[in-house]
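Visitor: For reference, Swiss-Prot lists these features for the protein:
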BINDING   Cys29, Cys217, His242, Glu246  Zn(2+) binding site
BINDING   Lys277  ATP binding site
MOTIF     31-41  motif ''HIGH' region'
MOTIF     274-278  motif ''KMSKS' region'
Amino acid sequence: MSLRIYNTLSRDVEVFSPLLPGHVRMYVCGMTVYDLCHLGHARAMVAFDVVQRWLKVSGLKVTYVRNVTDIDDKIIKRAVENGETIRSLTDRMVVALHQDADALGIERPTHEPRATDFVPQMLSLIGTLEKKGLAYQTQSGSGQGDVNYAVRKFDGYGKLSGKSLDELRAGERVEVLDGKDDPLDFVLWKSAKPSEPDDAKWDSPYGPGRPGWHIECSAMACELLGESFDIHGGGADLQFPHHENEIAQSEGAFGKPLAGTWMHNGFVRVDNEKMSKSLGNFFTIREILAKYDAETVRFFIIRAHYRSPLNYSDAHLDDARNSLKRLYTALDLVSPAVVAIDWTNPFAARFKAAMDEDFGTPEAVAVLFDLAGEVNKTRSAELAGLLKSLGGCLGLLQSAPGSYLQAGAGLDDASIQRLIAQRADAKKTKNFAEADRIRNDLLGQGIVLKDSPAGTTWEVQS
C-alpha cells in the first residue's frame, strides 16, 4: 500500500505495512477520568479518529483500542474530596467522555478497556518482569513496599525519546528516593497507604496496593492486541516517560518490539501560550461547545496537521466556522449525487495522495475547498457528491447543508418564515420601509436574508 507514516521511534516517515496483512491493530492512550475532557483530549481523539477512518477507507480492517485510566492518584483524591466511591466518579466521567466524543463525531474504538478490569493481567506482567530480573520490591517501615522497574537493566531505555540514561539521570535529583536502586526506576505496583480508601486497593503477591500507570497500558495492549502490534499513539506529552516506560516493560517481558509505528499528536496552545489551569486559559470540550458547534471544533482540529502545534483562539475558531460554512454553501447549491468515490478523479487523487502522506489533512482540506469552488462554478451534482464523500473520510460535511447553515439562530425556523412572509406582503404593497425594518431586525439577531427568483432563504450571519 502507498500509506506513509511518521514514526517517532525512527524519526522518519516510513512506508506502513501491518504485521497481519489487511489488519491494523492500534492502541492509543486514553483519558484519566477524574474530570471533564479538555481541548487537549479532543485533539488526540479527533487525530486518531481520522487515522482509523482513513485506514478503513484504505480497505484495511482496524482493531482500535483506546483505554480508560480509572485508577490514579488524582482519581482517588477527587473521589475522597467529593465523598463518593472511585467507581461512582469514574462511571460518571466515562459517560461525560462518551458524550463529548460523540458530539465531536468521534467513532467509538473497537475496545475501550478500563484499567481496573485488567489488574490480574498487570500482576502477571509484573511477575514476568520480576522473573527476568527487571523488577524488584522495596521494603517500607511497615513491611512490603512498591515494586519498581530496574531501568538500567533494559538496554534499549531512551530509544523513543532519544535520550541516554546519563542525560535522563542529569535531570533527576541525585539522591535515591523511596528505596529505589536508581532515581530513574519507575513504579509497577504501588503499595497501599493507610489513608487510602479500600476501593483503591487490590490484593497481590506484593501486598495490597494498585498498579502503576505505565504497567496498565502495557498489560491492556498485550491482552487485546498481542505482544506486538502495528500502531501505538498518544499525545506528544506521553512520549516520555509514559511510552518510553511501556517499551521497557513490554519489550523487557516479551523480547520483541511493542509497536511497529509510534505516532504522537502535537501540543495545544491557547493564544500562543501553553494551556494550563494556572494561566486561566484551560478549556473543557463542553466550554468550547457552548460557543461553537461541534463540527466547527472538529474542522478546526483537522485542518492542522496532527503533529503540528494547535493554537486555540476565538479568532481561529471563528475562521474555522466561516470556512466550514463555505463548504456547506457549495453543497447547498445542488443536491449531491450519491456515488462511490472515483479515486482516479483529479480531486480524489489529490486528496488520497495528501492523506497517504502521514495523514496530511491540511492539503486534504485544501482539496475540499478547490472542489467546492468547482461545484460553485459547474453546479455539478456528481462533484457535490464527491465533495460530501471526501469530507466524510474526515468525519465532515455529513449534515444537511440547509440545516447546518441555519443552525445556531436565536429564532426557530417557523418564526423566521413568518417574518419572511410578512416582509413579502410588505413588498407586495410597496411598504418598503416595513420590509427593510423586518430585514434589519432579523440582521440584528444574526439572521441574513437572501432574495432570489425562487424566493427568500435565510442563514446565520458569519
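Cβ atoms here come from the backbone N, Cα and C positions, even for glycine.
Help me see these features in their spatial surroundings.
Guide: Same-chain residues at least 6 positions away in sequence with a Cβ under 8 Å from that of Cys29 (Zn(2+) binding site) are, in sequence order, Arg66, Asn67, Cys217, Gly233, Gly234, Gly235, Leu238, His242, His243. In three-state terms derived from DSSP, Cys29 (Zn(2+) binding site) belongs to neither a helical nor a strand segment and is classed as coil.
Sequence-distant contacts of the motif ''HIGH' region' (31-41) (same chain, at least 6 residues past either end, Cβ-Cβ under 8 Å): 68-70, 72, 74-75, 77-79, 89-90, 93-94, 96-97, 100-101, 235, 267-268, 270, 275, 282-286, 288, 312.
Over the motif ''KMSKS' region' (274-278) the predicted model carries a mean pLDDT of 71.
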Visitor: Counting only residues 6+ apart in the same chain, whose Cβ is under 8 Å from the Cβ of Glu246 (Zn(2+) binding site)?
Guide: His214, Cys217, Ser218, Ala221, His232, Leu258
Visitor: Within 8 Å of the Cβ centroid of the Zn(2+) site residues Cys29, Cys217, His242, Glu246, which other residues of the same chain have their Cβ?
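Guide: Counting only non-site residues, the set is Trp213, His214, Glu216, Ser218, His232, Gly234, Leu238, His243, Asn245.
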Visitor: Of these binding-site residues, Cys217, His242, which scores lowest on Cβ atoms within 10 Å?
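Guide: Ranked by other Cβ atoms within 10 Å, the binding-site residues Cys217, His242 bottom out at His242.
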